[in-house]
Amino acid sequence: MASPRWLWCVCATAAVTLLLVSKVPSASAQRKKEKVLVEKVIQLMEWTNQRPVIRMNGDKFRPLVKAPPRNYSVIVMFTALQLHRQCVVCKQADEEFQILANFWRYSSAFTNRIFFAMVDFDEGSDVFQMLNMNSAPTFINFPPKGKPKRADTYELQVRGFSAEQIARWIADRTDVNIRVIRPPNYAGPLMLGLLLAVIGGLVYLRRSNMEFLFNKTGWAFAALCFVLAMTSGQMWNHIRGPPYAHKNPHTGHVNYIHGSSQAQFVAETHIVLLFNGGVTLGMVLLCEAAASDMDIGKRRMMCIAGIGLVVLFFSWMLSIFRSKYHGYPYSFLMS
């Protein structure tokens, strides 16, 4: 009876000893992780105090942004700011990113939960290759744990690159709210006041003859300009603040038409406005050719010119529509 009891005590003692021995490396590894994490945070805080947006290359990016352990988020802007890249959008996005990072750095809510960094293609091309990136600028949130998800990549073409829009996206991904307070812009009110003053002056000078206020051609032209501006997407640009165009940093190819139906470039708005104006001018010429009292030769020329403008610009407009809505089956003259 004593032998089994003695054997049981030996087994229990061995199990406890093994458990204690196994805990020693685990605790040591945990302390090592904590030490590495503290060193990372101290380094990032030191760089942030020097410059709100930390410039990174591959040697800094891999250990501080990609490698664990991390208890902080890093908002990284991948860009191409060198002059020979000729990326105008990159410079504009960088200005907004710097504004946002400065507001965060000098706000009372500043903590070490989130850091701002940038990787320039000419300084960290290996990072671009590692992430399979072929466009700039691009904003990505690297969360404290795990890999970035699809929503952690900022939709630049949809939201634009204003500091306020990026701040809303950061709040959605990290629960960190950054207030961007800009000084008031008085250019708009001043221009409106100047326009009203000019109109008031003209009305005062022509107060004896107010027939120009009832000029149908003038009002029709003003209404047409307003309609063309609104149908081309000017209001969407005003709300979203999209880039003027997009230049691929690798190939140098500039895209003026966005490939998605969910976004557009400012240049695309100007192109659509021009095409709508061409179609409108063609319709006006056709109407004038039908109702004018001019000789038949001039009316025939106006009719041919009107048909040519409508056909040409409508075909171009339809080709743009097809390039944005890839399943659209119809085309006219141009595919």
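Note: Cβ is positioned from N, Cα and C throughout, glycine not excepted.
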Position flagged as N-linked glycosylation site [Swiss-Prot], chosen from Asn71, Asn215: Asn71
Membrane-side pairing of Lys66 with Gln234, Swiss-Prot annotation: yes
Recorded disulfide counterpart of Cys90 (Swiss-Prot; options Cys11, Cys87): Cys87
Tertiary contacts of the transmembrane segment (271-291), as residues 6+ beyond its ends and Cβ separation under 8 Å: 224, 228-229, 231-234, 256-257, 299-300, 302-303, 305-314, 316-317, 320
Asn71 (N-linked glycosylation site), number of other Cβ atoms within 10 Å: 14
Other C-beta atoms that fall within 10 angstroms of the C-beta of Cys87 (disulfide bond): 25
Residues in the topological domain 'Cytoplasmic' (206-209) grouped by DSSP into helix, strand and remaining coil: 0 helix, 0 strand, 4 coil
Residue pair Cys87 (disulfide bond), Asn71 (N-linked glycosylation site) - Cα distance, angstrom, rounded: 34
